[in-house]
Amino acid sequence: MRQYILRRLLIAVPSLLGISLVLFTVLALAPGDPFAELVTNPNVPPEVAAALRTKFGLDDPVYVRYLRWLAAMAQGDWGFSFVSRMNVDTLILQRLPTTLYVIGSAQILALLIAIPVGVFAATRPYSIFDQIANTLAFIGFSLPTFFTGLLFILVFSITLDWLPFVYTTDIKATGFRWVIEQVRQAIMPVMVLGLFQAASMTRFVRSAMLDVIRLDYVTTARAKGLGQARVIVKHAMRNAMIPVVTLVALQMPAVFGGAIVTEQIFRIPGIGSLLISSILSNDTPVVMAVTFVFACLVVLFNLIADVLYGWLDPRISFR
Amino acid sequence: MAPLLEIKGLKTHFATDDGMVQAVDGVDITLQKGETLCVVGESGCGKTVTAMSILKLIAMPPGRIVAGQIMFEGRDLVPLTSRELDDVRAKDIGFIFQEPMTSLNPVLTVGEQIAESLRRHEGLSHKHALARTVEMLKLVQIPNAAARVHDYPHQFSGGMRQRVMIAMALACKPKLVIADEPTTALDVTIQAQILDLLQDMKDRFGMAVMLITHAMGVVAETAQRVVVMYAGKVVEEADVESLFDSPRHPYTQGLIRSIPRIDLDAAHKTRLEAIGGSVPILINPAPGCRFAPRCRFAFGRCAEQEPVLREVAPGHRMACHLGDTQGGTP
């Protein structure tokens with residue numbers, strides 16, 4: 001098992017190298033660079049701008065710049081943000097906890113809704129409960145988060161004035177009040193993301209359960225007189241959760257992507273809004289670093305999915 | 001002596017888009033303590049549905065027991081809820097299923113799957129349940145049982161899995177074991193071993209066995225009494241000797257003639273007989289005898305009047321108009 005994980009991590013190195021190469025090339029080919037504004041700024045003499053470009057190596061060929069970036073990365077130097085005037089790694093570490101807090105809570109909410117609802121719906125297919133759950137799920141994943149987000153703001157912040165619609169990291173409160181505020185401002189983004197996730201997950205859990213619930217071994221379990229709850233949870237769910245866990249793990253990168261939109265709507269100072277603002281201000285080192293972090297997350301969650309799969313299903317062995 | 005199990009007029013129907021399928025339509029089966037009863041019939045004749053109805057293991061909906069009684073030790077099981085039946089399942093009536101490859105849960109160890117019913121019905125602790133499980137696995141002759149108890153089903157062969165299924169069904173020492181085609185999915189040598197094992201277990205525990213099969217060879221080898229089913233009804237019932245010596249119902253006669261004979265020398269060998277046609281669709285079946293369309297002896301009355309089970313010799317009952325003196329003769 002440990003050997004398997006180690007080998008998978010080693011295999012991840014070349015793929016991450018490939019990803020970084022592609023990312024770097026695309027960003028280098030993209031129009032605009034951090035000093036584009038300096039050139040057009042009449043207060044900056046052209047020779048100063050040129051000197052700056054030479055100093056940061058922007059006029060070197062792409063492969064030289066890539067190798068330089070790679071060498072720096074290998075030493076743990078993520079680069080310097082031209083806009084924020086700070087190291088990229090400090091910047092990312094500043095933003096990451098907020099994103100993880102919101103996305104993590106949304107995922108937990110999604111699972112807390114999807115698993116019970118999906119399982120219950122599958123035990124009573126085509127019942128009233130199932131029909132309602134299906135309809136709501138269909139609506140849920142048909143509505144994009146930028147729509148539900150605005151709808152939530154309109155209803156809960158503007159009309160009812162229950163919740164704040166701008167997310168702040170510097171809450172002016174301490175102790176218990178701080179916790180309350182922290183939770184209050186996270187409610188809407190977590191609901192928007194979580195419900196969207198829950199909608200598609202519910203349908204998936206339901207169909208995974210339906211696949212399993214008619215199988216022979218579930219009948220065997222019923223014949224043992226274990227009781228409905230035990231048969232469902234221990235015998236059917238254990239098996240149905242195998243594909244669900246894989247799906248959830250593999251969806252995580254997409255969730256990070258989807259969170260970019262939500263972070264924009266609620267002004268959450270997370271890693272997603274950092275990416276957007278860096279792209280808009282041509283802050284190449286930050287764009288490079290954030291996309292690279294996303295790439296690492298994809299590789300990591302793929303590995304987690306595979307490990308979980310093997311852990312849940314004894315028929316799969318790690319070799 | 002009161003019978004252990006008495007099924008009276010059982011009707012189990014299934015709702016489908018095309019109408020009600022009358023899968024089991026008025027079945028009477030009686031089983032004495034310690035007796036081995038074989039239920040035979042071709043695929044789709046309702047033998048599995050009858051067995052599954054006893055413990056309400058059929059999918060409900062679409063299935064439903066619409067009429068009848070299932071008396072087990074003097075108590076009717078039909079009105080019981082699934083929850084009330086849980087105390088009977090495995091504890092009093094054990095079940096062995098047809099497909100050992102799919103009837104075991106792939107993500108739980110075989111030991112856990114046996115031990116859980118011991119914990120449920122006998123209130124054993126984890127440790128004691130495990131010890132009993134190992135003991136059961138030894139009884140069904142699984143080599144190295146103490147270690148294999150922690151293995152998963154995919155680590156066992158088909159025959160070994162069926163042994164595990166038998167151990168599971170017998171763990172709580174039930175008074176009745178229902179085996180639904182326990183050997184159909186296995187190859188011939190393993191079939192014989194499993195049947196021997198069942199016989200062994202029966203000698204040891206003294207339970208009654210209801211063996212569902214479509215193989216007449218299995219019937220001849222194991223049964224004391226035989227119930228022949230056709231299209232959701234019992235057509236003949238007799239002890240095994242009289243059934244093979246003097247089958248009365250044309251369907252039973254056809255079944256017996258369809259067994260390959262190795263005792264005849266080449267000169268006397270004839271083409272193996274088959275019963276022409278196939279089982280009728282059981283949605284709004286035609287009145288009269290359900291076998292009539294395939295019966296070579298069918299006559300006028302067969303299409304009009306449904307034959308009822310009647311005693312033709314002591315302990316030998318059948319449902320056919322042939323030789324019935326009360327009506328017209330062919």
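The count begins at 1 with the first shown residue.
Backbone N, Cα and C atoms are what each Cβ position is placed from, and that goes for glycine too.
The domain 'ABC transmembrane type-1' annotation in TrEMBL covers A:96-305.
Here the transmembrane segment (A:100-123) has long-range neighbours at 129-130, 133-134, 186, 189-195, 197-198, 201-210, 213, 228, 232, 236-237, 240, 244, 248, 252, 255-256, 259, 262-263, 268, 270, meaning same-chain residues at least 6 beyond its ends whose C-beta is under 8 angstroms from one of its own. Under the heading transmembrane segment, TrEMBL lists A:100-123 (among others).
Residues or ranges marked as transmembrane segment in TrEMBL: A:135-158 (among others). Counting only same-chain residues 6+ beyond the ends of the transmembrane segment (A:135-158), those with a CB under 8 A from a CB of the stretch are 164-165, 188-189, 191-193, 195-196, 198-200, 202-203, 258, 261-262, 265-266.
For A:186-205 (among others), the entry in TrEMBL reads transmembrane segment.
Listed as Cβ neighbours of the transmembrane segment (A:240-266) (distance under 8 Å, sequence separation of 6 or more from its ends, same chain) are residues 99, 102-103, 106-107, 111, 115, 119, 122, 144-146, 149-150, 153, 165-167, 188-189, 192-193, 196-197, 201, 204-205, 208-209, 211-213, 272-273, 275-276, 294, 297-298, 301-302, 304-305, 308-309, 312-313. The transmembrane segment feature in TrEMBL is assigned to A:240-266 (among others).
Summarising the annotation, TrEMBL assigns transmembrane segment to A:286-312 (among others). Counting only same-chain residues 6+ beyond the ends of the transmembrane segment (A:286-312), those with a CB under 8 A from a CB of the stretch are 1, 4-5, 8-9, 12, 15-16, 19-20, 23-24, 27, 69, 78-79, 81, 83-84, 88-89, 91-92, 96, 238, 241-242, 245-246, 249-250, 252-253, 256-257, 271, 274-275, 278-279, 318.
Outside the transmembrane segment (A:186-205) by six or more residues, the chain places 101-103, 105-111, 113-115, 117-119, 121-122, 133-134, 136-141, 143, 145, 148-149, 152-153, 156-157, 163, 165, 167, 240, 243-244, 247-248, 251, 255, 258-259, 262-263, 265-266, 268 with a CB less than 8 A from a CB of the stretch.
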